[in-house]
């Protein structure tokens, strides 16, 4: 009788654990489960589908900040919003000055009285020598489409939105490397996607991938389009039709679990929409990369992204609980919502950092936190970069990092000062007093001093304690607290720096950024050597006017992220993009020689693919190729990134 009761209990338990398949789980290929996509998987065990009382029903058509016709709001040949840009002006009988248009950013509709003179002095710009970009392409300017009519017919029969219009195709043919934006301004890509498709949910992605495999069509996933690694460029040698799989219409928060502090979110949502929707519910993901206005959740996962507030919330791999992705072999999923799993190697890592080579991310379960009650900025001025770096190391050692702490070198300190708006009489007096105090009383040299910007988030008690600890550590190495306003300006300028490059192109300046992670004992050497290498390379090529600067943006127990900006005046050079790429390649070799990585958060794409063999062993590369071969034997996801 006892055994029978035990069996009965097991039967009841099994019945409770048996999932009830959702309709979306069985859609796709003639009623088969999605594991059959590509013919390799058969019906998959769906596992437990977690539902909670706090699940909220998503709207059927969620509002998105970025429209499906991205060209209606964003620049087609540069960064960001059409109504936001730096402009050069000249008043009669006066010198040139620069302003920033629009009201989306705090420097919008303001004159920047110092910036024009800084640009002239540092980069040798002549504002009467302007080279505007070419006008938008005409219909005949776009590369001809390669059409697979059977694919198009089947997409139409499935009701999946698509376009073969030139504007839609071009907008998804590139990211935002210097070379890509230069091509947009001066010419045309030899190959762009032939079709753009907009699936609306996971099930529709399953269908798109299956139909692409059926008709031998290449797919390149597209999220926010902010890649700076060449990841979105169409391989020129690809003879098949190329379809851009745009995830932007998959932008809903499917549910928020208030007990477990997790949220299930569609991968096409962009950062600013994710935060708006979460904060309306009282929560935040806290992931805030420089591109968060335009980059997507799926893109963060696919590139192993990092945000400015990682000290509190973590990098993307720390935030992710579950990833759902579609490959030609079937769907990658994990059937437990537990905080940690010891069940062999984590197959989610096949997708995290895969950069569109294995499949496309469709849904992500993220950790969320209540919106902090206090958000406060700060800053610290140091006599020199080495003092600031010593403070950063101590902050990391004592694990007392605020949400964000970033150390800028002297060149970047001056650059930030040049972007200050005009100040009134009290502001001028205050600035003058600060300058006198720093230079005459404290003995700081304006040509060596640097600044760290701070952002604190948490309770009032926690923030106050963090401020005291940071200021104490700064004072021990000669630093001086410099106020909240400088910290807020420095943090917010992060979002407008990318707009400066578009202005630079007009006046013969090319500019780009690159980053690395490096152990603590090599940070100072790497910063010095890379800047020295870039200056030497410029001298060899006769480049007189250049700007090379760095900042330490993220700190860890074992090292830090270092972020470089590099710009030069290319007047007189016939191929400035090639010159830039040569110099950056040499800088990258210097980074590797100093013990740095090929990337901290930008990813590999095509730009840094050549250094993969110096990053991981041949056995490791072989494993990546084997995983690619299993998931995608016909190379449907043919972006050519990573390997």
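Cβ atoms here come from the backbone N, Cα and C positions, even for glycine.
All TrEMBL annotations are machine predictions without curation.
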(message) If I go by TrEMBL, the feature region 'Disordered' sits on one of 14-46, 47-79. Which?
(response) 14-46
(message) At 10 angstroms around each C-beta, which of the binding-site residues 224, 227, 305, 356, 501 has the fewest other C-beta atoms nearby?
(response) 501
(request) Pop the mean pLDDT for the domain 'FAD-binding PCMH-type' (188-371) in here, whole number is fine. (result) 96
(message) For the C-alpha pair, I'd like the distance in angstrom between residue 224 (FAD binding site) and residue 501 (substrate binding site), rounded off.
(response) 19
(request) Return the residues near residue 359 (FAD binding site), defined as same-chain residues 6+ apart in sequence whose C-beta is under 8 angstroms from its C-beta, sorted by sequence, else 'none'. (result) 209, 325, 326, 327, 328, 332, 351, 631, 632, 637
(request) Mind giving me a neighbour count for residue 221 (FAD binding site)? Other Cβ atoms within 10 Å of its Cβ, every protein chain shown. (result) 29
(request) List the Cα distance (Å, whole number) between residue 356 (FAD binding site) and residue 501 (substrate binding site). (result) 27
(message) Suppose we draw a 10 Å sphere around the Cβ of residue 563 (active site, proton donor/acceptor). How many other Cβ atoms does it contain, all chains included?
(response) 22
